[in-house]
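Let me give you the structure first, and then I'll get to my questions.
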Amino acid sequence: MHFESPIKRRRSRQIMVGAVPVGGDAPIAVQSMTNTETCDVDATVAQIETLQQAGADIVRVSVPTMDAAEAFAAIKQRVTLPLVADIHFDYKIALRVAEVGVDCLRINPGNIGREDRVQAVISAAKDKGIPIRIGVNAGSLEKDLQKKYGEPTPEALVESAMRHIDILDRHDFQNFKVSLKASDVFMTVAAYRQIADQIEQPLHLGITEAGGFRSGAVKSAIGLGMLLMDGIGDTIRVSLAADPVEEIRVGYDILKSLKLRSKGINFIACPSCSRQNFDVIKTMNELERRLEDINTPLDVAVIGCVVNGPGEAKEADVGLTGGSPSNLIYVGGKPDHKLNNDELVERFESLIRSKAAAKQEELDALIAKG
């Protein structure tokens with residue numbers, strides 16, 4: 001399909017997280033967080049590299065202790081992906097991480113402590129050119145805000161963020177981004193909509209503690225989708241109680257669905273019914289597994305019968321329409337050849353890879369021309 005996205009992104013100030021631009025006209029960055037023990041350097045490095053292979057732009061790493069800060073330094077030396085140090089409670093850990101090297105510091109207004117501690121972090125970040133993320137979370141609001149509002153509300157999240165933004169402003173520090181996360185979709189969306197009109201800094205989106213793989217993916221798709229449709233959001237994290245790689249995959253699927261960023265294959269597949277001329281579900285599962293390594297944006301239609309098959313296949317780069325006795329393959333929107341069921345997956349995979357390689361050559365040539 002060639003319907004253009006109607007989304008007009010919110011204007012925001014651009015910052016750099018390592019070599020990755022965030023905000024402005026930069027692509028929306030997709031990030032995740034390690035769930036290894038940070039002091040286990042080898043395991044953490046391995047997970048970061050796996051996330052990088054999955055397409056992560058940025059990875060956040062929890063740094064709960066000084067020992068973890070030293071481990072973080074070793075991790076940073078072994079990876080190329082920008083790393084965000086996740087700091088809670090002890091501002092001195094942030095100072096140490098800034099000293100040993102980090103691409104961004106995440107601090108939580110609800111537990112980082114007094115203003116003088118925030119000032120110390122700002123000073124260290126300014127000296128090293130490190131951006132800060134003000135990461136507000138509904139589950140850890142300041143005690144006075146909990147008392148004032150009685151419970152987490154969008155207004156409480158925004159007030160928490162604005163307090164710390166005021167501190168940054170008074171110290172002439174504009175190199176920051178903001179997040180306001182809750183596990184409730186409506187609270188999160190309302191908070192982001194409020195603050196989007198008050199500041200020009202980039203916004204990092206997320207539904208915190210969203211749930212397991214299925215429920216968390218759905219909740220995140222709805223919440224982030226609502227904000228992204230409004231043009232709000234410069235970087236996203238899909239929080240799942242699952243393999244962090246799934247966070248990256250779901251994140252890209254959300255952006256792909258809204259035509260905000262393309263990576264890998266966009267499958268158009270029917271849910272199957274008794275009219276199918278091949279096993280659609282089995283074929284789709286096999287193709288997705290085999291083609292995970294392809295990063296080139298490509299539309300692939302997999303439709304089990306001739307009701308909608310030809311129409312969908314004509315709009316895709318490569319299409320498969322079920323038929324009897326043979327299935328019809330479309331290339332570039334036109335019927336090309338037929339395939340029998342016994343050779344379907346292998347031959348169709350080969351065709352998709354060939355088409356992806358050709359398209360990547362075209363994209364590379366365009367980039368080379370500038």
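In case you wondered, yes, glycine gets a Cβ from its N, Cα and C as well.
Since we're looking at a predicted model, the values are computed, not measured.
Below are the features I grabbed from Swiss-Prot:
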- C270, C273, C305, E312: [4Fe-4S] cluster binding site (BINDING)
Tell me, if you would, which residue among C270, C273, C305 (binding-site residues) has the fewest other CB atoms within 10 Å in the structure shown?
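Among the binding-site residues C270, C273, C305, the sparsest Cβ neighbourhood within 10 Å belongs to C273.
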Compute the mean position of the Cβ atoms of C270, C273, C305, E312, which form the recorded [4Fe-4S] cluster site, and then list in sequence order the other residues of that chain whose Cβ is within 8 Å of it.
P271, S272, R275, Q276, V280, I303, G304, V307, N308, G309, G322
What is the total of other Cβ atoms whose distance to the Cβ of E312 ([4Fe-4S] cluster binding site) is within 10 Å?
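Step by step: centre on the Cβ of E312 ([4Fe-4S] cluster binding site), count other Cβ atoms within 10 Å, giving 21.
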